[in-house]
Amino acid sequence: MSCNWGTELWDQFDNLEKHTSWGIDFLERFTKFVKERAEIELSYAKQIRSLSKKYHPKRSREDESRYTWCLAFASTLRQLNEVAAQREELAENLNSQIVCELIRYSQELKTERKTHFQDGRRTQQHIESSWKQLESSKRRFERDCKEAERAQHVSDRIDLDNKTDGEKAAQHKHQAAEESRKDYVTSLTQFNQDQHQHYHTLVPVIYQRIQDMEERRIERICEALRSSAEAERKVLPVVTGCLDAMMDAAESVQPRMDTRQVVEVYKSGFDPPGDVEFEDYSATMRRSISESSYLDNRTEGRRHSRKLWPFIRKNKVLSPADCSHLPPEQRRKKLQTRINNINEEIQREREQRNALLKMRDVYEQTPHLGDVSSLDPRLDEVKQNLKRLEEELRTNQAWLSEADSRQSDHSSRRQSGGCGLNSQVTTPGCSSLNPDGSYTEDHNAELHFKSRSSEFDEDFDDEEPLPSIASCKSLYPFQGQNEGTLSMVEGELLSVVEEDKGDGWTRVRRNLEEEGYVPTSYIKKQYNNNQQKQQ
């Protein structure tokens with residue numbers, strides 16, 4: 001089947017005009033579609049990037065760098081940020097490669113279509129003008145023939161006297177009719193020539209140009225569809241890589257390792273409290289002695305806990321340098337981390353010192369490169385830093401050795417029964433929770449801690465008490481022997497002024513004067529309605 005518009009659609013000028021106009025409207029709608037899709041991609045990328053930034057771990061949260069599930073989530077957020085970047089690139093490609101080109105092509109297409117249809121209208125007007133001229137000459141010929149015929153009839157009916165005049169009039173009409181016939185024949189010949197040229201030359205050429213224009217429009221839409229798919233296919237490998245990285249991050253989560261990490265972070269190294277001994281009240285004398293001893297112990301506990309914790313000022317704790325305020329296991333980890341950091345600083349300072357020494361040798365061999373004396377201040381500073389860091393390293397190593405020895409002594413005593421759960425003897429160097437709940441250190445460490453804390457006693461005696469955030473009830477008796485702890489008896493009601501910070505100790509208050517720390521596991525917290533709302 002022929003598909004030449006010039007021959008197949010020679011009489012469909014108006015329909016072709018409507019069809020090509022609709023085609024340009026479709027092209028503009030398609031351009032708007034691609035533009036809106038690019039805007040959606042850009043908005044999606046912006047929202048994904050904002051979401052990733054909103055939930056990205058804060059640098060201050062050290063816990064999120066310890067656990068595999070936190071690291072996996074952080075990796076997923078980073079990959080989402082990369083996905084957002086790829087969607088932004090897709091939106092940019094759609095705008096630059098498709099939308100801008102289609103807008104420019106639409107304007108060119110409108111101009112070209114206008115030219116073609118103007119040519120078509122001119123040829124249409126020409127053939128219509130030729131047809132009107134033919135019709136005019138035809139009607140004139142018809143009129144002249146009828147008038148010549150009437151003149152002939154009139155001439156035949158008149159008498160002989162007027163016959164000459166009638167014949168002359170009839171002859172004149174016949175001449176006019178003949179001229180009209182010749183003019184009609186000329187117009188007819190000209191019209192047939194114009195019509196043949198119109199339908200076999202001019203219209204096919206113009207309609208072929210319109211057909212070519214329409215095919216180029218369709219091909220341009222095809223190219224735009226192909227380009228949009230190719231633009232998205234271009235970012236798919238990167239997006240697929242991001243999804244693979246998300247899968248790898250999910251596979252890297254190790255629940256067992258995370259639960260072990262919780263042990264590493266929060267393990268205190270204390271032993272559970274031992275059994276409570278039986279107190280015999282059967283004898284009157286024994287009961288009196290027991291009650292007197294109980295009251296003395298409570299009075300002594302209150303006397304020791306009367307002063308506030310010396311290193312506390314408005315919820316901030318000034319920790320001793322040797323970390324002796326921490327439980328044994330946490331103290332070891334804190335000191336080991338500090339030693340590792342100091343070793344790294346020492347390594348950096350040594351590398352800087354070696355670099356300065358090499359530079360000094362170069363300056364000595366080639367003086368024009370620099371002055372040797374200009375390096376001396378920096379070398380002295382590096383040497384002083386090394387000396388200070390090495391001193392800190394020895395001090396912290398000594399503290400770590402002390403902590404290790406205490407823990408090893410504690411383990412050996414626990415195995416031999418010298419510092420077990422049921423032991424009532426406080427052994428120097430044994431770090432544990434005694435059956436009465438006390439946390440014992442060796443005497444030298446306690447003296448060292450008390451000497452450090454005595455400097456702050458006077459500064460904090462007048463400190464305003466912290467507000468109560470909850471109430472608690474003691475589950476076991478606790479005899480606080482260290483400065484800053486508070487003794488309590490079983491069933492006693494106290495006020496909680498500071499929550500457990502992760503070291504196993506809670507700050508409580510008795511009345512308004514006695515305040516100190518007790519083991520968190522030895523109390524049960526109770527909240528009223530107002531305190532629960534504050535929580």
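Cβ coordinates are placed from backbone N, Cα and C, and glycine is handled just like the others.
TrEMBL labels come from automatic prediction, so no person has curated them.
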Check each of the ranges 134-157, 158-181, 374-397, 446-469 against TrEMBL and return the one annotated as region 'Disordered'.
158-181
Taking DSSP states H, G and I as helix and E and B as strand, how many residues of the domain 'SH3' (467-528) are helix, strand and coil?
3 helix, 30 strand, 29 coil
Helix, strand and coil counts within the domain 'REM-1' (325-402) (DSSP):
72 helix, 0 strand, 6 coil
